[in-house]
Amino acid sequence: MKRIGLTGNIGCGKSTVAQMFRELGAYVLDADKLIHSFYRKGHPVYEEVVKTFGKGILDEEGNIDRKKLADIVFKDEEKLRKLEEITHRALYKEIEKITKNLSEDTLFILEASLLVEKGTYKNYDKLIVVYAPYEVCKERAIKRGMSEEDFERRWKKQMPIEEKVKYADYVIDNSGSIEETYKQVKKVYEELTRDP
């Protein structure tokens, strides 16, 4: 089984590219979605996050309010590190459980924001970086409902995209049309599934 990392900065279109790979036949796992699923009541991560950050992060129904949690951790490096420690430990266990059950000829892709920053890209056979310039990323994030301030804060926590592409085995330029992006994705998919 080939294990591929897929990353890029906020607003660059990682999820769009991941969906294209999924449609072509890859098994794609979205790290953010998986981590968000850990926040449901009863999950050990939920318990540990509430114990660590307090009940102030909960909404009226007792669910973790991700916006409240983000407001806390993105303003304090130590708290962010603690949250990542809790969630990433569970994430890696889950990835191992999932990949153990996949067939040998599966193209497994993990979509995750911080593969380069955390050094975990080294655990994968190849790294794909989705690229789009700052202004395009900002516009996309704001269109999705993110505030400009929140975008800036998150953008600054990530390695500059121009630096991140230096780690890539493949770069998908997602600043053009959907058709242009799809052509690049298809080419990369064909290369990854052709090579032994």
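Numbers here mean position along the shown chain, with the first residue as 1.
Every residue, even glycine, has its Cβ placed from backbone N, Cα and C.
Among the features that Swiss-Prot reports, ATP binding site is placed at Gly11, Cys12, Gly13, Lys14, Ser15, Thr16, with the record citing sequence analysis. Taken residue by residue with DSSP, Gly11 (ATP binding site) is part of neither helix nor strand, so it is coil. Counting every protein chain shown, the Cβ of Gly11 (ATP binding site) has 23 other Cβ atoms within 10 Å.
Under the heading domain 'DPCK', Swiss-Prot lists 3-196.
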(request) Would you count the other C-beta atoms found within 10 angstroms of the C-beta of Ser15 (ATP binding site) for me? (result) 16
(message) On the three-state reduction of DSSP, what should I expect for Thr16 (ATP binding site)?
(response) helix
